[in-house]
Amino acid sequence: MVSRLEHPAGGYKKVFESCEELAEPIPAHVSGEIPAWLSGSLLRMGPGLFEVGDEPFYHLFDGQALLHKFDLKDGRVTYHRRFIRTDAYVRAMTEKRVVITEFGTTAYPDPCKNIFSRFFTYFQGIEVTDNCLVNIYPIGEDFYACTETNFITKVDPDTLETVKKVDLCNYLSVNGLTAHPHIEADGTVYNIGNCFGKNMSLAYNIVKIPPLQEDKSDQFEKSKILVQFPSSERFKPSYVHSFGITENHFVFVETPVKINLLKFLTSWSIRGSNYMDCFESNDKMGTWFHLAAKNPGKYIDHKFRTSAFNIFHHINCFEDQGFIVVDLCTWKGHEFVYNYLYLANLRQNWEEVKKAALRAPQPEVRRYVLPLDIHREEQGKNLVSLPYTTATAVMRSDGTVWLEPEVLFSGPRQAFEFPQINYSKFNGKDYTFAYGLGLNHFVPDRICKLNVKSKETWIWQEPDAYPSEPLFVQSPDAEDEDDGVLLSIVVKPGVSQRPAFLLILKATDLTEIARAEVDVLIPVTLHGIYKP
């Protein structure tokens with residue numbers, strides 16, 4: 001995985017261009033042989049509209065939500081896409097301007113209104129976006145597109161039509177939830193979001209949405225708070241993008257990237273700011289690990305500490321001999337990585353992209369080990385006794401346990417990100433293989449496989465080809481953990497070929513099985529699922 005491609009032609013810029021939705025599915029041109037058992041839909045979310053009228057969106061996470069679908073059946077493939085009819089999208093299309101403030105783009109009052117109307121608009125308070133561009137996941141028999149606010153949007157996975165908007169605040173005490181829930185085999189959904197805890201201080205709630213019952217009753221009505229994690233700072237919650245789960249525990253990593261609540265509450269009504277303006281870094285905090293028992297939900301008051309890093313994606317967590325093993329895609333330091341994901345940065349020429357990446361936090365895949373049985377008299381001793389890892393946990397005199405990781409992969413400005421595993425069989429369990437999107441100075445230019453035990457790596461890459469997060473689909477008669485395929489949408493702009501394709505790789509060694517090319521460019525996608 002140390003090989004590095006150069007991109008002087010700047011073809012990666014194409015994934016940040018707006019596109020039009022499709023009136024109906026279009027056929028793909030298949031080369032290779034798609035496995036007969038691979039019959040289903042690849043659903044992907046991402047930004048598809050990067051400007052409205054004359055007004056641009058500024059950040060990667062601002063573009064309007066576009067739902068993509070590749071249908072696979074009997075060796076044939078079709079591609080379809082539609083914009084989700086969120087309030088943010090519909091109002092923007094109606095008024096031909098940015099109407100609701102997005103992650104890094106501020107919406108301003110209509111310039112056509114008189115001064116008194118504009119003044120009143122500023123003081124109406126916060127209008128939270130429902131632009132659900134990040135992920136899509138099932139709740140019961142339904143599918144919901146999501147971002148990280150309190151709004152999720154039900155969509156039809158067959159027609160891609162927008163069904164309805166759901167406000168999670170009507171059911172749960174959370175200000176928002178992550179776009180990375182954990183879903184168990186019975187359909188139980190777990191997620192995490194910040195909330196107001198005791199004495200009006202901030203906290204983080206693990207929420208549980210039960211599986212669909214025989215009577216088909218509303219699952220949201222039966223959702224509940226399972227356990228609460230305290231916040232290290234009363235009015236500054238950490239940014240949370242994902243969390244970990246094992247058979248018996250939840251793992252929450254609290255990073256030094258903070259949301260300044262005072263800025264957040266005054267941004268829209270007074271200062272005219274956006275979400276990115278409300279982030280700041282606590283350069284003295286480091287990073288804290290929290291644990292909670294799963295059933296019954298109970299916070300475990302062990303004080304795990306380590307040096308500062310950003311974390312967006314957990315790879316996997318599992319329990320072993322009284323320890324919890326936590327594998328993460330980290331970015332070193334306390335500076336917020338999202339500062340480097342403004343579209344102006346991502347669209348720069350190749351040499352400028354490389355210069356920016358030199359200044360950014362550096363990526364590293366790390367393994368941390370958290371002991372469950374801790375005794376104060378063991379000060380100064382490494383509490384980790386697992387024979388297969390060099391990760392350590394040392395009790396300090398102040399009662400904290402200092403963690404040092406084992407590095408599973410590290411390459412200068414080469415990230416292993418958007419990780420996937422054989423989720424249905426190995427989530428929360430001891431595992432061997434992870435799959436990821438390789439970022440070269442933030443440019444996605446390879447698909448990676450990592451053996452977390454041996455640290456062996458495999459890659460797929462082609463010149464001027466820009467893949468997406470690879471999703472693992474297990475073979476129906478699988479005996480081995482990596483017996484299956486990887487699905488990734490690849491953009492390959494140029495005059496000599498069709499500009500995008502669905503790539504199907506053999507998960508064991510990342511050799512190509514087939515590709516399904518389409519005659520339209522496909523903008524960047526973030527996350528998604530495979531629906532059999």
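Using the three backbone atoms N, Cα and C, a Cβ is placed for every residue, glycine included.
Annotation comment: Swiss-Prot describes CYS112 (among others) as S-palmitoyl cysteine, evidence class similarity to another entry.
Every protein chain shown contributes to the tally, and the Cβ of HIS527 (Fe cation binding site) ends up with 22 other Cβ atoms within 10 Å. Under the heading Fe cation binding site, Swiss-Prot lists HIS180, HIS241, HIS313, HIS527.
According to Swiss-Prot, the S-palmitoyl cysteine annotation covers CYS329 (among others). Taking all protein chains in view, 25 other C-beta atoms sit within 10 angstroms of the C-beta of CYS329 (S-palmitoyl cysteine).
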- Counting only residues outside HIS180, HIS241, HIS313, HIS527 in the same chain, those with C-beta within 8 angstroms of the Fe cation site's C-beta centroid are VAL134, ASN135, THR178, ALA179, SER242, PHE312, HIS314, PHE418
- Note on the structure: Around the Cβ of HIS180 (Fe cation binding site), other Cβ atoms found within 10 Å total 20
- Secondary structure at HIS241 (Fe cation binding site) (DSSP, helix/strand/coil)? coil
- By a three-class reduction of DSSP, HIS180 (Fe cation binding site) is assigned coil
- Minimum Cα separation from CYS329 (S-palmitoyl cysteine), reported as the residue among binding-site residues HIS180, HIS241, HIS313, HIS527 that achieves it: HIS313
